[in-house]
Amino acid sequence: MKPENKIPVLTRLSDEMTAVVNFQQPGLPPWPADGDIETQRQYYLLERRFWNADAPSMTTRTCAVPTPYGDVTTRLYSPQPTSQATLYYLHGGGFILGNLDTHDRIMRLLARYTGCTVIGIDYSLSPQARYPQAIEETVAVCSYFSQHADEYSLNVEKIGFAGDSAGAMLALASALWLRDKHIRCGNVIAILLWYGLYGLQDSVSRRLFGGAWDGLTREDLDMYEKAYLRNDEDRESPWYCLFNNDLTRDVPPCFIASAEFDPLIDDSRLLHQTLQAHQQPCEYKMYPGTLHAFLHYSRMMTIADDALQDGARFFMARMKTPR
């Protein structure tokens, strides 16, 4: 797609989204485009500090969980002494960036809005860790807390997964992995998915959207995929291209959120249409005027807070529904 033929999304954003795009953090250096991956990870952490400020206070606990790949750091957010369910959160960042600190505010808000314990999983990043390591680490974390629930005052009879962007793929892939491998970690009552990618290699939205403003050009997406996968054959794996998995049965209820001007929006649309066609419980909501990753910006965007509350309401409704 010739860049000039793409939709000029920056002229169509909401006022809130435009304010975020134009916001300049004092003293923040430019993105180190030519830096190595560790330099970019440190920059991402620095840039996200502002957006994670002023988050709700609550009891937190850090725990190193043993997995087949070594210990994985987790952080438990407990808004109240007892919880009706446990929600596992997988952060975004193209599989190569991000950690528990870059998504701290999102997890705190989600814990407050659901009233449930949220467990953030600091899965190993690519390219150092390749598919399916992050999924297997997530499953190992779920198994660990299922076996040690009393020690951490957890309710693991009802669990859920949540994630944004690449984390949304990992959230859904992990739930399907549990189903497909017959691993019991609790009853998965819901999956909360914000602007994920689910396996499309091309789409109308990938042609029309994406640029320097969101880090999701065709070249960017190819780079993330190349860093994450072991080889070309992995592209068709049912836990990477989730449309190659069986989405006709036993898929936990999914809240599928998308951003209007996200090149990945067609992934969310296709996922919703597929689940809906096969009577799998799901809800789809598109947030107008937004770009990919808008969930981070709840300090300046009420719609980001709305999107979190919408997901929380979906999860809470499933806590009350026998499944």
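Cβ coordinates come from backbone N, Cα and C, glycine included.
If you take the C-beta of Ser165 (active site) and look for same-chain residues 6 or more apart in sequence within under 8 angstroms, you find Gly92, Gly93, Gly94, Trp194, Tyr195, Gly196, Leu197, Leu264, His292, Ala293. The annotation active site is assigned in Swiss-Prot to Ser165 (among others).
The annotation active site is assigned in Swiss-Prot to Asp262 (among others) on the grounds of sequence analysis. According to DSSP, Asp262 (active site) sits in a coil region rather than a helix or strand. In the structure as shown, the Cβ atom of Asp262 (active site) sits within 10 Å of 28 other Cβ atoms.
Per Swiss-Prot, active site is recorded for His292 (among others).
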